[in-house]
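For 8-26, the entry in TrEMBL reads compositional bias 'Low complexity'. Here TrEMBL flags 483-494 as compositional bias 'Basic and acidic residues'. The annotation domain 'Ig-like' is assigned in TrEMBL to 69-151, 159-252, 254-333, 343-433. The feature region 'Disordered' is assigned by TrEMBL to 1-26, 483-503. What TrEMBL records for 449-472 is transmembrane segment.
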């Protein structure tokens, strides 16, 4: 047997002594076997090695590509550390040179770069776990190490515990527990103090009505034919070598359920059956409610609504009273679908100077309608596309079954016949209105005249008061003079005439 590399003989079973061609090489052989040991391995030892064997009957050979790991990532103190412990990742380069740059990668994504050959994690977190590799760049070129895995160990986080009923009649239930931890946790499910299931095979045996499914940090219990006895508080406990965590949930059975057939979404005019299905209550009397208000009492568990209309839409629930007690269903919404109706189009002036006209279109329908506004045959606006009016002084405001169009700086061109078309999957309807800028101009004139009238009604009394104030001194003087004249006249009348008696 002989071992060659690049055509050079390295060792042979027929050679004397060690059978090796170099002091760094040591060969040992036995019948049909040849082994070569290489000391102080270096890059020059990389390459393809060929082993050949021959005897008097024939010969055979095999080759092997040998790569020297001169660059590696060493994780200290260990590849598995507890959360919170410090970790050092060293990029060990056996042929390191000066002016070497080190690049770090985590899960093949670039992480950091610099002249330091080590990456320090002062307090390892769960998110630090992953596959790390380093790349060195120097004058001799670049090379990348093989990845090394860092495992961060931590206690179970808060478990996620959920329960739900799967089938329509509510007879099959699931309770599942999910937790995050490393290493994986043992999960145990209790109802009160009773052990229900465990991820350990030796605990929590399945039964004909209870199936247990477990996986990595996951536990699910499937309960068939659930009864009132299955109600209660369930607790999920998760534990591993680093700690314990738990969560609980209150599981209750929906013993009364309201169903609507043929569907909760029904077209106007059809017939609907509301059924109050009760379990574990036996014979019962039923009370029906709509939108939280009493509707009727009945021994029948079915409420028939024939020829439904929009007024029948609402939130329904029922209550069943039997020998085993009473229970109330969860509310169920009945949606009555109908085509658009009662369309309306209105046009009016918004601001005082009359420069903005508003056209409002509204309709009643369920499901909501698509509203389109036309000026003549031209589409002006639509609830599904407000970009139709780009470039004009027009603003469009769509809402539920309503479309508002604001026209700024109205001109005579805006006077036209406007049509609002409303449509949904059940039908369509339209309404027409005529928008006149002349009417708006008359309205502006009326507002101006009204303003003048209001101003005059305020100014006239004010002028009268001012005039009265200015004339008051003259009026008072005139009044005083009149009183003086009247007084003198009365005095003259009161004095008797003097008679001359000298004769």
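The count begins at 1 with the first shown residue.
Backbone N, Cα and C define each Cβ position, glycine as well.
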- prompt: Per DSSP, what is the residue count of the domain 'Ig-like' (343-433) in each of helix, strand and coil?
  reply: 7 helix, 59 strand, 25 coil
Summary of DSSP states over the domain 'Ig-like' (254-333), given as helix, strand and coil counts: 3 helix, 48 strand, 29 coil
Message: From the DSSP assignment alone, can you count helix, strand and coil residues within the domain 'Ig-like' (69-151)?
response: 3 helix, 49 strand, 31 coil
- prompt: Helix, strand, coil residue numbers for the domain 'Ig-like' (159-252) per DSSP?
  reply: 3 helix, 57 strand, 34 coil
